[in-house]
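**Student:** Quick one: the structure is below, and I'll ask about it shortly.
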Amino acid sequence: MKKTKISLSKPDSSMITFLTFSSILPLLLLKDMYFSQKNLLQQNVADYFTEEYMLIKSFTIGINSGFTNIFKIHHPICYKCVCRSRWITALHTAMMVKSFASERVAILIPSYLYIFSICLIHMQLSNTFLKNSFLSVLSTIVFLFAGGLEFFGLLIHDYPPETDFVHHRRNYETEWLHPILEYLVPYRPSQLATGLFLTLISILTQVGNKPHRKRDLILCGIVSGLILPAQYQVFAASVLFTTIYLFYLPISKDDNDGKKNNIFDIVFYFVPLGIISIIPLLQFFPRSSNFRLLSQDKVSTPLIKRGIFFSPFVYWIENLGVFAVITLTLGLFVIGKKLQQLYYPSLVVFFLLNFFKLQPVARQNIFVFIPCWLSIASIVFMSTLSWISQKPKSEESKGIALAWCTFFFVAAIMSSLIGLQMCRNNVFEISLEERDAADWITQHTSTKDVFISDIQKPYTPVPYLSGRRIFASRVDILEQFDKTVDWKNVEFSKLLSNLSDKSIAKKVKYALFGRSTNLNENSGWKLEYHNSRYKIYSRIMD
């Protein structure tokens with residue numbers, strides 16, 4: 001009997017480079033970010049990690065624990081609020097915690113894998129257009145660390161230790177976020193959504209291959225649908241991006257029926273998209289607490305209020321510096337046609353999101369800008385620098401051009417890198433009193449109980465550490481989580497001003513107050529727990 005030989009092809013040098021870089025970088029980025037000690041988070045990460053941690057707690061010990069109804073995932077930030085999106089990573093982490101993983105491991109391991117996949121897919125995508133593994137690695141570095149020109153200020157100023165050089169400047173805050181400390185690491189749904197979007201555009205670049213065209217489009221629909229539970233903003237942008245891309249994708253010259261094929265392309269994309277996204281879309285039924293999905297508002301509005309002229313231009317130069325200048329001017333014309341096919345649809349998304357927002361806070365358009373525009377613009381950036389360096393004919397001129405390109409590359413990423421290094425050791429501690437109060441709530445109250453509280457700051461026992469629902473939250477907190485003011489806020493104000501009135505907000509069973517608040521049973525509240533910082537009262541309804 002003849003033996004069959006199995007031959008395995010060796011990975012090429014570029015793949016080895018990409019795998020090595022993708023394995024090491026997430027370790028460096030995530031070091032000491034999530035609970036390096038039991039109660040410690042990196043300070044910048046802690047500011048934006050609140051929703052993720054609150055939802056993790058809600059799935060493990062709070063309102064969403066036990067048999068979770070995927071048609072109605074409760075948001076602890078207010079009574080009768082539901083999660084429309086950004087819940088899938090928290091659910092996954094909660095499942096790991098329930099499977100006896102530590103909280104830190106359950107957060108860290110998936111995040112490592114998400115960022116690993118982002119790096120690997122982006123480098124492979126970059127290599128498709130740049131045809132150079134070194135430039136592809138640089139493209140991914142620009143994608144992850146693009147920032148403004150604030151680092152030049154180090155030459156003339158001293159900076160406080162909390163400065164991240166992107167969002168937190170020396171004397172003010174910008175309307176952009178640090179790409180690592182305030183976007184990629186704290187917003188774990190963005191890690192998943194970005195990886196899925198990069199997967200989508202990687203498949204789209206192969207759609208022109210006729211024999212596998214339908215299969216690739218079906219895969220695109222599936223991948224787009226999977227983005228919705230992670231981040232609905234990226235989902236909406238991915239659908240718009242794909243639709244534009246398919247309509248403008250060149251058809252081969254032999255095909256005399258190109259228009260019809262483009263229509264069929266849309267069908268092969270939208271059918272699996274609808275099937276996959278149908279259940280998550282049920283979360284988007286209109287509710288009084290939900291912010292509307294699309295509203296007109298410029299991302300540069302805060303600059304306009306400061307009296308700055310040409311605010312859209314200033315906004316991007318301030319936030320992304322030389323990167324924005326190159327990718328939005330010269331880069332439009334010098335890149336190849338295949339890269340143009342990918343970049344121009346992303347520019348449509350980019351320009352639309354300059355004038356509209358998909359959530360209450362316009363600054364959070366960064367959820368779309370980074371994965372849906374900057375991921376492709378970083379390839380355009382490196383392609384343009386490559387074009388500049390190769391344009392001169394004499395060796396001396398090439399050396400000068402290469403020096404300028406090196407300067408542009410360093411200028412594009414230095415602010416973000418310096419900010420990451422300066423802020424890495426700034427920590428936020430969840431106090432022992434907060435943990436103890438949350439433990440008491442977990443042990444002595446039902447997961448469905450509703451609280452009121454006059455202390456509304458990050459990582460309080462309710463709703464952040466116990467996963468229980470708070471009846472209503474402040475307007476600025478609601479807006480961070482895509483919620484808006486409704487009747488509950490009116491009831492909440494009435495109850496705080498008249499705590500003895502049992503006819504107001506009857507669903508409220510407990511109250512979390514500061515140490516200085518004193519209530520007695522005559523006012524309808526019974527002290528159940530106290531420590532040096534908090535008091536917990538139960539409501540007497542009889």
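Cβ coordinates come from backbone N, Cα and C, glycine included.
So TrEMBL says this about it:
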TRANSMEM  12-30  transmembrane segment
TRANSMEM  105-123  transmembrane segment
TRANSMEM  135-156  transmembrane segment
TRANSMEM  217-246  transmembrane segment
TRANSMEM  266-285  transmembrane segment
TRANSMEM  313-336  transmembrane segment
TRANSMEM  342-359  transmembrane segment
TRANSMEM  366-388  transmembrane segment
TRANSMEM  400-420  transmembrane segment
**Student:** Tell me whether the transmembrane segment (342-359) sits in contact with the transmembrane segment (12-30), defined here as at least 3 Cβ pairs under 8 Å among residues 6 or more apart in sequence.
**Tutor:** no
**Student:** Short question: which residues 6 or more past the ends of the transmembrane segment (266-285) have a Cβ under 8 Å from it?
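**Tutor:** Beyond its ends, the transmembrane segment (266-285) has Cβ neighbours at 70-73, 82-85, 214, 217-218, 220-222, 224-226, 228-229, 232, 235, 239, 242-243, 246-247, 293.
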**Student:** Below 8 Å between Cβ atoms, which of the listed ranges 12-30, 135-156, 217-246, 313-336 makes the most pairs with the transmembrane segment (400-420)?
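**Tutor:** Most contacts with the transmembrane segment (400-420): 135-156.
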**Student:** Where among 12-30, 217-246, 313-336 do we find the most Cβ pairs under 8 Å to the transmembrane segment (135-156)?
**Tutor:** 313-336
**Student:** The transmembrane segment (313-336): which same-chain residues, six or more beyond its ends, come within Cβ distance under 8 Å?
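**Tutor:** Apart from its flanks, the transmembrane segment (313-336) reaches 129, 142, 146-149, 166, 174-176, 299-300, 303, 343, 347, 377-378, 380-381, 383-385, 387, 408, 411-412, 415.
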